[in-house]
Amino acid sequence: MVSLWREILKNVFKKPVTIEFPKVETPIEKDFRGLQYADLNKCTGCSLCALECPSKAIEMEKLPEDVKLKHNPRGLYPVINYPSCVFCYRCVTICPVNAYITTNEYRMATEAEKLLSDALSLKTLKREGL
Amino acid sequence: MLKVYADGEEVVKVEINTGYNHRGVEKLLEMNSFYKGVFISARICGICNTVHADVYVRGVEHVLGIEPGPRAKYLRVLAMELERIHSHMIINAIMAEILGFDTLFMLMMRDREYVMKAKEVLTGGRVIADYFMPGGVRRDIDDTKRERILDLLKKVKPRLEYYRKLFETDPTITNRLSDVGVLKPRDITLHSLVGPVARGSGIKTDVRMEDKYDAYDEIDFNVIVRTEGDSLARMLVRWDEALESLKMCEYILTHLPQGQAVVDERKLPRVLPPGEAFTRVEAPRGELTYYIIGGGRDRPYRVKVRTPSFNNIINSGFSYLRYSIADVPVILVSYDPCISCMERAVLIKDGEKKYVRLKDIVSMKRG
Amino acid sequence: MTEARVEELDPKNVIGDLVVKEEFARPNRRVFTIDKSSIREAVSRLIKAYGETSVYVSTIAGVDRIEQGVMELNYFISILPRKEVIVLRTQVPRTQPAVDTLIDIVPGAFAGESETFDLLGVQFNGNKLLKRGFFVPEDVTSKGVYPLRKDAKW
């Protein structure tokens, strides 16, 4: 008969396996499917990501007035609504020019201003004077 | 879910009530393109998402007429077998929990975390592995990842053997589980029960051995069959299957063929030609079948999903009779109920649709 | 009947006289089209020929073919000693879809018949346990709509 007593005694003297998040960071892989946004230096505004998203979380918006890019004649860029996104990464793999930047950021239960995809995308343009 | 009519302590009648979670998956798969269907079908069930995606992708590949390479087939089998290990661990942990054995539940869930870490290293997601695509898989593994998965599996193996020995000899578990819910072989095939439920009563049926899909024709494994037919036999079949899966994973990681595994999604065909395909897969809970009809557009004409819990739970109302009420949860958990796999109906909301985007929340806060 | 004889028995020989047409569904499943009045005869013959513990009804799938004005019913039957799945296909008219039930020969058809009735509206004569609202929620059943038909609007 296998007794559970030895197992229990062994575990009494071990430290708990609980990870005290958010004091300690959870160990996560570098290529975990986390937050993603578009790099506007490469995006051509073809809208394939918006057409292929299974949960219709991507909308195409017009670029700000003063930004004119040669590789983006229509002047559209994708904006992702993260509460609808299921992080399947279909947008990342279907993009013809590989314009998506992927991270392993999973901490999305934060204030809404920090999660705006248009701000993240526009920051990639590195405009002067801003 | 189960309406049980009892006379004193003895069960006299059982009615199965479903329909609280119906989500309209079959209609949804008809209204979207068949590439979106890869992600929709994975989200029918959280714990069997790799097998749902695999059987849908194989059905689409039969209709399109393309076939994946050998390395992709081996990696698909690796993802499915890792999921089988952690699915069997969680149902045994739930069985320990409903018996009142909470310590064992917590210990098993701690060891299950190693398997989920291995799945995260392989596919990029701990629970939902969006890993399958017609023509192959979406990620490849290199040598460092291979070594890490082998290390994690080496840590899990002695724990699985310990738990299996515990289920066979511990009096708390064997006294509650022996001779409860006995099913004869004739009951199994007449009522179409599948999976470890059938293998625990002497019927030797396993879709991996019958259909030999993906890489199962090149990997050796045993089909576990027991003849007692009670709840203890069904749980022990699952532990033996988890140990077999672990051996299969180690074989795959040491014998991976070379070649191209990742498929370029931009070059795949856009239209599903007319044709039909019927594919099956061995999910952790039994035989899962998909029937896909293509219609010449980018949407399938019909997709029929029949999950193992559909047959196992709805057809098994006869097996609770003449046992006492305390045996009803033991019998139900030994059939491995997966509620989201069972209830896949349509939930329609009439009235206008309202979308709230993240930007609206931010502007509502500011203004 | 020894084991070798059961494995070599071709299902075409068991139900051959009822078959109207034979086709293939990928990867290698044989599809036998039979008339809707001979479904019960075909299934009982298969169970008697192979044995009660070697045959089970795996899936019942209904398809709405609106252009041809029929509904197709597919019964997927798994024959264990031959490791094969065969398909029995019938057609019923779309305006009055009704077929005989299998529930007294094979009680495992209860789940498939309940779902086909609730979602497509096919009546199974002799099955007293069919009811609307088994899967579909009440706001749809109160309008008398069968959700999976191609012309269903709610």
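Using the three backbone atoms N, Cα and C, a Cβ is placed for every residue, glycine included.
TrEMBL: automatically predicted annotations, no manual curation.
As recorded in TrEMBL, the features of this protein are as follows:
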- B:E26, B:V305: Mg(2+) binding site (BINDING)
- B:C45, B:C48, B:C338: Ni(2+) binding site (BINDING)
- B:C48, B:C341: Fe cation binding site (BINDING)
- B:99-267: domain 'NADH-quinone oxidoreductase subunit D' (DOMAIN)
- B:272-344: domain 'NADH-quinone oxidoreductase subunit D' (DOMAIN)
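Ranking the binding-site residues B:C45, B:C48 by C-beta neighbours within 10 Å puts B:C48 at the top.
When other Cβ atoms within 10 Å of the Cβ of B:V305 (Mg(2+) binding site) are tallied across all protein chains shown, the result is 22. Chain C has a C-beta under 8 angstroms from the C-beta of B:E26, taken from the binding-site residues B:E26, B:C45, B:C48, B:V305, B:C338.
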